[in-house]
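Read the structure below first, then the notes.
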Amino acid sequence: MFAPIVMLWLISIFCVGLYNIIHWNPKVVSAIYPYYIIKFFRETGRDGWISLGGILLSITGTEAMYADLGHFTAVSIRLAFVFAIYPCLVVQYMGQAAFLSRNLHSIPNSFFESIPDPVFWPIFVVATLSAVVGSQATITATFSVIKQCQALGCFPRVKIVHTSKHIYGQIYIPEINWMLMILTLSITIGFQDTTLIGNAYGLATATLMFITTFLVALVITFVWQKSIWISGMFLLFFGIIEGAYLSAALMKVPQGGWVPLVLSFIFMMIMYIWHYGMRLKYNFDMHNKVPLQWLLGLGPSLGIVRVPGIGLIYTELATGIPAIFSHFVTNLPAFHKVLVFICVKSVPVPYVSSDERFVVGRVCPRPYRMYRCIVRYGYKDIQRDDGDFENQLIQSLAEFIHMEAGEPEFCSSEGSFDGRMMVTRLSSIQSGSTIIATEIEDCSESSSVQSSKSSALLSLRSVYDDENPPVRKQHIRFHLPANRIMDSAIQEELMDLIVAKEAGFAYIMGHSYVKARRSSSCFKKFVIDVGYTFLRKNCRGPSVDLNIPHINLIEVGMIYYV
């Protein structure tokens with residue numbers, strides 16, 4: 001219903017404005033001539049310049065439609081602005097000016113008093129509905145900005161719900177929606193004056209336009225590769241106009257204009273602290289990778305007991321072995337027979353097909369049974385706890401083993417294993433060329449828990465099932481084709497993979513604590529030990545974000561001294 005309401009609203013204000021022009025003062029049309037604004041400043045002086053902060057409010061709101069580029073095309077927005085929004089606004093303001101030229105006493109409430117009595121209440125209802133619709137543009141723009149900041153690592157993790165299969169920009173973020181509601185109510189109840197709220201809004205809009213002008217000037221030079229003179233002329237022309245409005249809006253800082261400055265500072269600090277902490281953590285992982293020679297020196301057993309099962313070790317590194325893995329090896333008495341380093345990446349497409357989702361490689365020589373898998377998800381892909389991910393992972397690993405055996409040059413070098421990856425296609429596996437998948441009866445409990453004789457684990461499973469109703473999972477059993485002849489080493493590796501799958505999966509993540517070094521400055525200690533720690537503890541956890549089943553989750557704590 002949004003589009004019909006907006007169209008009805010634009011038609012209503014256009015008709016009211018046209019009626020007022022004809023009824024009260026048709027000569028007001030001549031006010032569009034630029035001579036009168038020059039005369040206005042010449043006669044009013046400083047007061048006229050200060051009034052620009054209020055005049056700016058006549059266009060605030062129209063710029064929010066450009067934030068909806070994720071919903072609509074640029075052409076549609078240009079057409080809507082040129083042929084609908086701009087003429088309707090100009091005619092409406094001309095109508096108000098014509099009405100005020102004959103009714104000076106109505107200045108405090110000129111819009112509603114200029115509406116003819118027979119159509120007052122219908123237009124009042126449409127105005128209320130259009131205000132609700134207008135706020136939606138600002139809300140969705142906030143969602144888009146937050147999501148882009150999160151993708152760049154500049155904002156804490158929040159829940160993002162995609163509401164359209166076809167349009168990338170249509171998203172919903174519950175936490176941000178609640179924050180907007182609380183801030184809106186707080187400002188409205190706190191100020192209780194539309195003039196003060198208007199001053200805050202005007203300063204925010206003027207600052208936004210001024211900053212955007214500078215950024216577009218940079219885009220002209222560095223992205224479009226145009227002459228710096230063109231960029232300078234653009235910046236000078238629009239910068240002078242918007243600078244005049246911004247300077248007038250800055251005069252309203254004591255009268256409500258301080259609100260957007262305070263909110264901007266708070267959110268800027270949140271973004272800075274989160275990005276700073278994440279960058280230090282990532283750099284620590286990059287500079288403290290586990291040397292491959294160290295793993296090779298431990299031997300295939302890694303110096304510990306290798307038990308049946310598959311351990312999925314989640315890491316943000318697409319290459320190399322994270323430092324936290326050595327923490328696992330030195331602190332856990334046993335580890336799974338098959339280890340897979342999982343790196344989840346989001347790509348800017350709606351869906352990633354199963355044939356392109358998994359990129360698999362080997363970390364160590366074949367006897368180590370250690371692999372790396374980069375899992376790519378589209379922004380509309382849903383990561384469910386239904387066992388399908390585990391089955392597809394097994395099929396991808398099996399296909400990688402088969403493809404590797406068919407390319408001797410891929411595995412001819414024994415010196416370097418990490419870094420060479422293959423895109424595995426599940427369609428070639430489902431034909432039964434490598435392993436055969438057979439669907440059996442539904443198994444709602446984790447196989448790793450079912451096979452356990454520990455009463456504590458069985459008790460934990462019963463409590464978990466009481467709090468979380470069991471989800472129907474597709475349980476598939478794999479086996480090798482009986483009529484296929486393959487190398488004994490490959491057959492042994494595939495059998496180890498199948499046996500490990502039947503033993504169960506364990507999702508292993510590092511529960512990292514980032515702390516500043518003792519030699520760090522007081523400012524850095526405050527930012528990392530207080531600010532970043534607070535944000536990390538109160539944002540969406542990585543295991544929840546990745547939809548990892550808690551009953552199979554193992555978290556090992558590690559302190560990062562950065």
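Note: Cβ is positioned from N, Cα and C throughout, glycine not excepted.
Positions annotated as domain 'K+ potassium transporter integral membrane' by TrEMBL: 1-295.
Below 8 angstroms of C-beta separation, residues 84-85, 87-89, 91-96, 98-99, 101-103, 114-116, 119, 122-123, 126-127, 129-130, 133 of the same chain, each at least six residues beyond the ends of the transmembrane segment (7-24), sit close to that stretch. For 7-24 (among others), the entry in TrEMBL reads transmembrane segment.
Under the heading transmembrane segment, TrEMBL lists 49-67 (among others).
The transmembrane segment annotation in TrEMBL covers 79-99 (among others).
Among the features that TrEMBL reports, transmembrane segment is placed at 119-146 (among others).
Here TrEMBL flags 167-189 (among others) as transmembrane segment.
Residues annotated as transmembrane segment in TrEMBL: 201-224 (among others). Remote same-chain partners of the transmembrane segment (201-224), defined as residues 6 or more beyond its termini with a Cβ less than 8 Å from a stretch Cβ, comprise 53-54, 56-57, 60, 63, 230-232, 234-235, 238-239, 242-243, 245-246, 248-250, 252-253, 257, 260-261.
Counting residues 6+ beyond its ends, the transmembrane segment (231-251) has Cβ neighbours under 8 Å at 49-53, 55-56, 199, 202-203, 206-207, 209-210, 213-214, 216-218, 220-221, 257 in the same chain. Under the heading transmembrane segment, TrEMBL lists 231-251 (among others).
The annotation transmembrane segment is assigned in TrEMBL to 257-274 (among others). Taking Cβ pairs closer than 8 Å, the transmembrane segment (257-274) reaches residues 149, 153-156, 183, 187, 199-204, 207, 249-250, 527, 531-532, 535 in its own chain, all 6 or more past its ends.
Residues or ranges marked as transmembrane segment by TrEMBL: 294-314 (among others).
Sequence annotations record features per position, and here TrEMBL assigns domain 'K+ potassium transporter C-terminal' to 308-560.
Confidence for the domain 'K+ potassium transporter C-terminal' (308-560), expressed as mean pLDDT, is 76.
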